[in-house]
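Summarising the annotation, TrEMBL assigns domain 'Acyltransferase 3' to 2-237. The transmembrane segment feature in TrEMBL is assigned to 43-59, 71-98, 118-136, 148-167, 179-201, 213-240.
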Amino acid sequence: MPFFVFTLLYSLPLKYISNYYNGVSFWRAITGQFLLLGNSHLWYLYALFIIFIISFYCLRRDTSIFVYLSLYIIHVLSFLIHITLVSAPLQFLFWFSMGFLFESKRRKYNIFLENHKWISLLFFVLFIFLVVLNFLFKSDFKVLSRFFVDLLAILGSLICYNISYFLSNKTKILDSKLLNLILINALGIYIFSDTLNYFILSISYFVSDRFMFTSFGIIIIFLIRFVFTLFLGLVFTLLFKKVFPKYSWLVN
């Protein structure tokens, strides 16, 4: 539902205003967004909906390792499918299952992490080693490279988690009201931010069609996009929840 509502009533109108669809017919723009043909950041909502349905039937706390292996094989094969409506859910189903598996073991992992702090350093060394290994093999062994990249994603996620875990234990960053406000409204920020990004780029180009392509301009535009998409996305989310309290679930 959020995918259809925000695509039709928010994403499409703002993209038209920012001239994103310059020279493209209205109906082609609609079908392109709904069928995930071309650029649509809301594909994530559609993919997540399909993933939730599949996961409801195949993921349990005692799920067999063979199920996870099967999901990984599906994940690899999904790169051969060039229809986003099909490939996106299949590609990211594996990562959702990894998150599900990690969350079910997270408390035990935290205890392990407390007792084996050196593991983060080992993960980092393995990460660097795999980056080099992938660089050497990626042109000749595509399947092996795919495996390396996926392993790098898992290692990178664990490294980030480990850093976050130790920082959260030693600082009061999670007590920040602003941070918690952003975390609670993250989905709404995601929904509103991408289209705001195109709107900001359109205004920047209108003000100066050269500045945004200079080295200094690229840095400034990046900072403006980061700040404005984050905080305007947050403001829009809070306004939406206040104006349409019955439909706040669309952005939560």
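We count from 1, first residue shown onward.
Using N, Cα and C of the backbone, Cβ positions are placed for all residues, glycine too.
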For this session: Give me the stretch from 118-136, 148-167, 213-240 with the greatest number of Cβ pairs under 8 Å to the transmembrane segment (71-98).
Result: 148-167
Problem set entry | Spatial neighbours of the transmembrane segment (118-136) far in sequence, C-beta under 8 Å, 6+ residues away | 112, 145, 148-149, 151-152, 155-156, 158-159, 162-163
